[in-house]
Amino acid sequence: MSEGQRFQLGTIGALGLSVVSSVSIVICNKALISTLGFTFATTLTSWHLLVTFCSLHVARWMKLFEHKPFDPRAVMGFGILNGTSIGLLNLSLGFNSVGFYQMTKLAIIPCTVLLETIFFRKIFSRNVQLSLTILLMGVGIATVTDLQLNFLGSILSLFAVLTTCVAQIMTNTIQKKFKVSSTQLLYQSCPYQAITLFITGPFLDGFLTNQNVFAFNYTPQVLAFIVLSCLISVSVNFSTFLVIGKTSPVTYQVLGHLKTCLVLAFGYVLLRDPFSWRNLLGILVAIVGMVLYSYYCTVESQQKAAAEAAAQLSQAKESESDPLINIESEGGILTEGAPRGAGWNSAKDLHA
């Protein structure tokens, strides 16, 4: 199996793991929050991250991955930013209607595209932009119902979108810049994310729910669902970093909207949630957008790979056709660190 085939297989595996684990944890948390009344989302997320760090620490002890320390300031800033974005998204949901919160999540893709275009000079073709527009329209039709605006909620949503976009772009760029794997980055940033949410979570949840997380009645059923949610979160956090590292922040957001459509479908089939023609139409339109996005991204990546291969082949042919390079390489004149003038003189001697 070639390197390219292994990479494609790994990417497909990461995407599949992300979808399965995310849909599973949404169903688990829905039962925990809606049925059992445990509404402390931010505190629960801090527990998720603590369990993820402990799991990765055991994996490191078992030598399943290599610990690779790098710039501690970058790790700390990245971890705190990630934790802050999660808290702001929860605040956005608390201060806005569900419809406006869904609009906030939809805004992450165009904001990410804008930031990558401005700061990284990344070019998104018209076909990709069209497919993303169709996808966002579909998800909007399926999920956005009421739109109630208020000033504080809008400001919180704006900061939530910006911090989420920057955090996801950093997830990709840090892995490439410092040449670390998704596991290595997650292992080092998890403590900062967990501490940020562990400190702010109880206050944030208390402010949004008017309840105390430490005074909640933890029945065996509630504890069982919390443990299950924390175990699934290990796979969710790992697959999130893996997908963003192997693909891009925009692709991860597209995958996130696929999860939203699947959650709506599973909610209707398994939990008998209300489902209308609007939900069905929105999901179908979103699926069309996802298929087009996947198709155009695949075609463009193949064209880019073909262009790079043609450029390398052309460069190799130019090297072979250059008589001076041929003579120098055959005569063994040029070595590392040798002055260029010696090579030219020797070539003249050979012609003579």
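Positions of Cβ are set from backbone N, Cα and C atoms, glycine also.
Here the structure is a predicted model, which means the values were calculated and not measured.
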Of 74-93, 94-113, which range does TrEMBL call transmembrane segment? 74-93
The transmembrane segment (250-271) in contact with the transmembrane segment (74-93), cutoff 8 A, at least 3 CB pairs, sep 6+: no
Given the transmembrane segment (45-62), its same-chain partners at Cβ distance under 8 Å and 6+ residues beyond its ends are 83, 86, 183, 186-187, 190-191, 193-194, 197-198, 201, 226, 229-231, 233-234, 236-238
